[in-house]
Amino acid sequence: MPAGQGTLMDFASFLIQMLNSLQYGLLLFLVASGLTLVFGIMGIINLAHGSFYMIGAYLAFVLTSATGSLFLAILLGIPLTFIVGAFLEWALFSHLYKREHLEQVLLTYGLILIFEELRSLLVGDEVHGVDIPAIFSASIPLSDVLSYPVYRLVISGVCIVLAVALYFVIQRTRLGMMIRAGNHDRTMVEALGININMIYRVVFALGFALAALAGMLAAPISSVFPNMGSHVLIISFVIVVIGGIGSVWGALIAALVIGFADTFGKVLLPDYAGMVVYLVMAVVLLWRPEGILKKG
Amino acid sequence: MSSLNSTIFKLAGLALLACVPLTGESFYVELAAKTLVLAIFAMSLDLLVGFTGLVSFGHAAYFGVAAYSVALLSPKYEAASLWYVLPASVGLSALAALVVGLFVLRTKGIYFIMVTLAFAQLAFFVFHDTPLGGGSDGIYLNVKPTAAIAGWVPFDLDNATHLYYFILGALVVVYAFLARILQSPFGRVLVGIKSNEHRMQSMGYLTFRYKLAAFALAGGLGGVAGFLYAVVFGFVTPELLSWHQSGNVLLMVILGGMGNLVGAIAGAFVFTGMQEVFGNWTKHWQLVMGCVIVAAVLFMPGGLSAVPGRIKRALQGGGSNE
Amino acid sequence: MGHNLNKAFKFGIGMALAAGLTSGAQAADDKIKVGFMLPYTGTYASLGNAITNGFKQYVAEQGGKLSGREIEYFTVDDESDPAKATENANKLVKRDKVDLLVGTVHSGVALAMAKVARENKTLLIVPNAGADEITGPLCAPNVFRSSFTNWQPAYAMGKVAAQKGYKKVVTLTWKYAAGLQSIDGFKEAFEQAGGKVVKDMTLPFPNVEFQPFLTEIASLKPDAVFVFFAGAGAAKFVKDYAAAGLNKTVPLLGSGFLTDGNLDAMGDSGKALQTTLHYADGLDNKKDQAFRLTYAKTYKMQPDVYAVQGYDAAQLYGAGLKAAGGDVSKQADVIKGMEAAKIDSPRGAFTLSKAHNPVQDIYLREVQGGQNKVIGIPTKALADPARGCKL
């Protein structure tokens, strides 16, 4: 360990890397929360979830170009993706509940191909940037050489607000109660006279909108490019596996762990960075084959 | 279905495949060779998905491990011996499958699908990120392995025709091997696990061991395909281990009808055929492919594997048996 | 089982038929077949189009013919995907049987093309990809390049960095051939001149999450940072670098691809960036002015270095055809003609090295008023060392 000033600087940059990890982890949580809900409540494996993220990012690009404002784009985008999500559930996913996982894999794999090609037909294959809204485009000086972009803090803030909101919805509302009940036993809920199909539709649409929102928020910092959903999809899978299927809180913990492992892996072990998150997953599986927090 | 009829069909198909190099069109010979390699790959996955009931979504990992093994075990500008690199690369992919199997077979259902996928991603990044592989650009196999045994050269893999027949031979061997395995007591246990694992357990079988053996075996046979792929194209990239590759081979198995080795071969041909036809037809061939897949799942309840049977019943009902 | 067999059977027949048909359709025609294998989709799509435009512009200037022969174009989109590279190259070489293969942008894909070209003895001109091996250990009589090696511009920047008095430099790039070889070229010149590269950092291509690396750079506080990025990712990097405030204290250096074609996207964050490349804005040469005027008129946009490289690929092939009297079957004569050519390029005249790579001036450029203005020539007539080439 270098002494004096060196250690002090190292600690400062360690804190900044922590901030980077937190921001990345929270964004991943936003994507993974929808995935784990759909997995846990409906028992559906949805490979197209990464495409929802991609769709969100492209919506941000298209709507920002059209309206001139990312705020407007997001305000329009959330209800839009919610409606599309509800439609998809009605048209496709509602037919999958009683099917084998293999068929779910297949159908959603086909959906990925369709979404990517539609994206290619409608928007093209170029990489696009989305401008950060002017009021968040500043940077805060953190050390004598480094500044931190305000927009990244905004993303983290939005994600935290949403996580809290999700907590309230699930723990304190009637909808949340029904979701929790549906998670345990479908027939029982139906016996109580609750319209489970409507719950499924809302949950699925919510999952779509959350993933798309993550894509919209990330668009200015990640740019918008073809196949951007597939990396996010696999990382989300890992998060769901680590956190435990169906557990939103497991997903939150897992997303933060992954954000941390990925960020520090990139800097400390660049040759092994891609593997770090999967190694974390392997260790967790050895320790708890059903994830940190079992569902329920 | 008479077994004689079936044997005649198989031999006719084989004879037809054996004729492909006679066309002398090197592009199509190579395309056919690639398809045969994928057919071996699909058969290896069918052992898991179709016969044992394990839906692995990370089978490309073992294909890739073997392909990379060839590239890494061969000297840079000299030929390696086929009799060394073939068993070594197949052995390494089987070993990789054995180790991964120890982890993934602890899980079931959705978990199993996701965890096999995640381990395949881990393997992807081993070759993508570490100094072992050549990064996203991959590695070249500059010289194909030599089949020389103490100075005697039975065939030359640099010769496209020899290589084609070598691959065709490998296909026949893998097919015969799997067919034999499936008729053995071991194979019967696997099929039993697929239909009801609890029953097999209560009958005293240690199903975990059987599943692990099947997983490693499938990995090794997938490795045979990976080995051949590297030899055909002389080039390996991390994309060989990507989840798209795992998805594609799963698709081949399902197209051909799960639990049917000849079906897996047919699935590989249908898949590459669709790719070529749609690909030449439109730049957006994936859109067509995606729609075909979605429609197939939605409008064929009970799964695609039921389709051949249904069509056959329809054909037999109509009396138009070919 | 019978049905599946049937499927296999029918498909087999179909394939055999298809093979037979195409061989029959191989009718004799006297057009020269040129195959473009370039990215027309993805990150590098605009580069692929610029190269194609440049090539066609030269042919058009010659009246649509080279040495009296008409040109027929075949195109394959390589998607910058190395995994499909061999198959894609085979489509042009084995299926379409082109006389000249032109491609590509991505180094990994170009390596696969060079391999196919060598094995089939098809003439190949690489109009961009800078992979050192193509005109290094993997060089071949029938493989040419009209662009650069990754080593060339980076080596020049290494000299510049040392001249500026920088001692301690950090590098960052995508982990692929183009990036890693650029870093090596930079290091070679910089460390020869007494500098020290204190840390090499990489991230997978085409990942653009730079934040952790910017934090690391800030904590290392080097005298300068050398990077290799290209296309949209490069614009993103320069913007992030400025947003992190690093541009005020740590100068950013790069191969010219950092700013080429990206100046609009970078906006103010690109101001006064210095890069090295074999082409620049404001070159004082007539050929360049004429080229730019025609290009702008024809394609309604400004040409870039990629268009120049495509244009020169056509010039190079034209020189070879001329030497062979337009007879593509005399490949040895075509090659001799190309080797001896002095190309009057918009970048300034150049000749080819023994390994078939341009021997060319590398310019130092600075971003001024939305252009990469030339401000010096740190290395004149720089030849790639072509290590490992036995030509």
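Every residue number used here counts from 1 along the chain in the order it is shown.
Just so it is clear, glycine is given a Cβ too, placed from its N, Cα and C backbone atoms.
Beyond its flanks by at least six residues, the transmembrane segment (B:36-55) meets 17, 62-63, 105, 112-113, 164, 167-168, 170-171, 174-175, 178, 181-182, 187, 190-191, 193-195, 197, 211, 214-215, 217-222, 224-226, 228-229, 232, 249-250, 252-254, 256, 258-261, 263-265, 267-269, 271-272, 305 of its own chain at Cβ-Cβ distances under 8 Å. Per TrEMBL, transmembrane segment is recorded for B:36-55 (among others).
TrEMBL lists B:83-105 (among others) with the feature transmembrane segment. Residues 54, 56, 58, 61-63, 65-67, 69-70, 73-74, 112, 115-116, 119, 123, 145, 147, 149, 208, 211-212, 215-224, 226-227 of the same chain sit 6 or more residues outside the transmembrane segment (B:83-105) yet have a Cβ under 8 Å from a Cβ within it.
Residues annotated as transmembrane segment in TrEMBL: B:110-127 (among others). Long-range contacts of the transmembrane segment (B:110-127) within the same chain, counting only residues at least 6 positions beyond its ends with a Cβ under 8 Å from a Cβ of the stretch, are 54-61, 64-65, 68, 96, 100, 103-104, 133, 238, 241-243, 246.
Long-range neighbours of the transmembrane segment (B:163-191) within the same chain, counting only residues 6 or more positions beyond its ends whose Cβ lies under 8 Å from a Cβ of the stretch, are 14, 17-18, 20-21, 29, 32-33, 36-37, 39-40, 43-44, 47, 51-52, 144, 155, 157, 200, 205, 207, 210-211, 213-214, 217, 221, 224, 228, 231-232, 261-262, 265. For B:163-191 (among others), the entry in TrEMBL reads transmembrane segment.
Sequence annotations record features per position, and here TrEMBL assigns transmembrane segment to B:212-237 (among others).
Sequence annotations record features per position, and here TrEMBL assigns transmembrane segment to B:249-273 (among others).
Annotation source TrEMBL lists transmembrane segment at B:285-304 (among others).
Sequence-distant neighbours of the transmembrane segment (B:212-237) (same chain, 6+ residues past either end, Cβ-Cβ under 8 Å): 30, 33-34, 36-38, 40-41, 43-45, 47-48, 51-52, 54, 56, 59, 61-71, 85-86, 89-98, 100-102, 104-105, 136-142, 144-145, 157, 163, 166-167, 170, 174, 177-178, 181, 186, 190.
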